[in-house]
Amino acid sequence: MAEFLQQLINGISLGSVYALVALGYTMVYGIVRLINFAHGDVYMVGAFAGYFAIKTFKLPFFAALVAAMAVCAILGVIMERIAYKPLRNAPRVAALMTAVGLSMFYQNFTIYRIGAQPKAFPKIAQVNWQFAGVTVSNSQVLILGTAIALMIILHFVVQHTKMGKAMRAVSQDRDAAMLMGINVDNTISFTFAIGSALAAAGGVLVGQYYGVVQPLMGALPGLKAFVAAVLGGIGIIPGAMIGGLILGVAEAGVSAVGFSTYRDAVAFGILILILIVKPAGILGKNVREKV
Amino acid sequence: MRAMDKNRLIVAAGAVALGIILQLLIWNGTLNAYYAQVLTMMSIFVIMATSLNLINGITGQFSLGHAGFAAVGGYFSAIITTRLQLPLPAPMIFTISLLVGGLIAALAGFLIGLPTLRLKGDYLAIATLGFGEIIRVLFLNWKYVGAAAGMWGIPGYTNFIWAYMLAVLTVIFIVHFMNSSHGRACISIREDEIAAETMGINTTKYKVMAFTFGAFFAGVGGAVLGHLIRLLHPATFSMTFSVEILLMVVLGGLGSITGSISAAILLTFVSEALRKFNELRMVIYALMLIGIMLFRPQGLFGRKEFSLDLLTDSRFMFKSSKNRGA
């Protein structure tokens, strides 16, 4: 039982990072119908931004977190303006290939500038708490707390601000939103900024948790976060959170029973199962096909 | 009709002549081993790109799992050539291994296609990507084929002429398939699935058919690749590999066979030419990719085919495909 609880806690802290990254995927997909393959690499850039903020600029952890989020928000807007905006009316696969190109660019540019070797991320002082045979570390609490706080802020922004209303309107019907006087370009840029900032937060938290950052760290977690987004229902914000948590717990569970080499397959296995059984995701509604 | 047949004959003769000339140049040493290797890689990527085009371009289904099928073909053909001591001459063993690799990959394509092809667009892309990754993880854990250490000691049966011949055969097959009634059915699915279904086309059957054929050739391509680099490792067949092939298809123009061939040759060449930039190589490659997509999102050829009809009809260099979409 204690073992089970322990894995549950590990899974939840890993899953909340997936959820943070998945939120960016799902928001961007909801608004421009683009699988932003470069999103996982924004998470990596965020982790490195946090690393340099702490190492070079000697910022405390939370200031570094905010700095990394700001850097990535700007990066997200630039990325959207330069690479995705011109392709908004092009065939969808072209935008997808551009996203792949951006992902390759981020990875290789980081390798070129910083080097392929992993860097040691400065950890905060480790504190462990014991409850009934279960160990909880302060970095796990930090991950969970930050993730929940960010999700609450996100929920507030999306549901209770003018910009959030605009985002929801654009994701429902872009043309109608434009006719209602919503500045669609700014709304899309804002969505990219928020999504990228959340990915950056995920990157810094993971860097802090594992104590390493490296240029290819975003590739696989990026894909898995995407799986989480699909699992919960892509385009649906609470869905991304649920999907992330389920995925994190499932992975921790598989590792716990001794199949850690199959961990990566589990995420995709879940994905295919959900796609076949309920393609719209857990919270998604089935849309009837119209001719 | 006559002119078309004549042109086809010219193209076929040209392809054979090009193969012979290149092979002669390799034999007499004008093209050294490095160039021979690059030409072989180009041929392999032609196999990969045209077969993916069959799924993505011609049938309009979005697959991102080509690397998985290539892995299946590569591994199973290597099992034939390394694990079984067949008392046969090398070319026959290689032929058998290619067929086995291709057929098992086709079986995998069939089994994966049957459930997933109910999905559309992005969802299908993700599902196939997921299957590709699962296949990779399975090979990563399969001790018999070397697991994470990779599969060593594969005989280097592949040479330029093998790869070239297989590429030519693949292209001939796919062009003929495209022009057959089955191919037309596939194209109609791409243009409008609901309309095709209404016209009585069994869309599932044709989608699975295209997927199976595509997987077969991907398997053959993977087998040829395995016997060229003589080492199979699960990391070779990661998602990047699928993306690289998809890039060739998109760059050439979805649905354009000549486009895929040109893009496969061009990108292999570019990637080799950039080698001298070392670390900057992939940065330049990525920037080029973004640039091309921004300036020519429909691909170099769009859906058109480069055709010899320019000889008979001098007004158009590019013959527009008969099945252009609305």
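Each residue, glycine too, has its Cβ placed from N, Cα and C.
Quick look at what TrEMBL lists:
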- B:9-27: transmembrane segment (TRANSMEM)
- B:33-55: transmembrane segment (TRANSMEM)
- B:67-86: transmembrane segment (TRANSMEM)
- B:92-114: transmembrane segment (TRANSMEM)
- B:121-140: transmembrane segment (TRANSMEM)
- B:160-178: transmembrane segment (TRANSMEM)
- B:208-233: transmembrane segment (TRANSMEM)
- B:245-270: transmembrane segment (TRANSMEM)
- B:282-301: transmembrane segment (TRANSMEM)
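As a quick check, the transmembrane segment (B:245-270) and the transmembrane segment (B:121-140) miss the bar of 3 or more Cβ pairs under 8 A, pairs 6 or more apart, so the two do not touch.
Ranked by Cβ pairs under 8 Å to the transmembrane segment (B:92-114), the stretches B:33-55, B:67-86, B:208-233, B:282-301 are led by B:208-233. The transmembrane segment (B:9-27) makes contact with the transmembrane segment (B:160-178), as judged by at least three Cβ pairs under 8 Å among residues 6 or more apart in sequence. Among the recorded stretches B:33-55, B:67-86, B:160-178, B:282-301, the one sharing the largest number of Cβ pairs closer than 8 Å with the transmembrane segment (B:208-233) is B:67-86. Tertiary proximity for the transmembrane segment (B:67-86) is limited to same-chain residues at least six positions away from its ends with a CB under 8 Å from its CB atoms, namely 48, 93-94, 96-98, 100-102, 104-105, 108-109, 128, 131-136, 139, 144-145, 151, 153-155, 157, 214-215, 218-223, 225-227, 232, 234, 236-242, 245.
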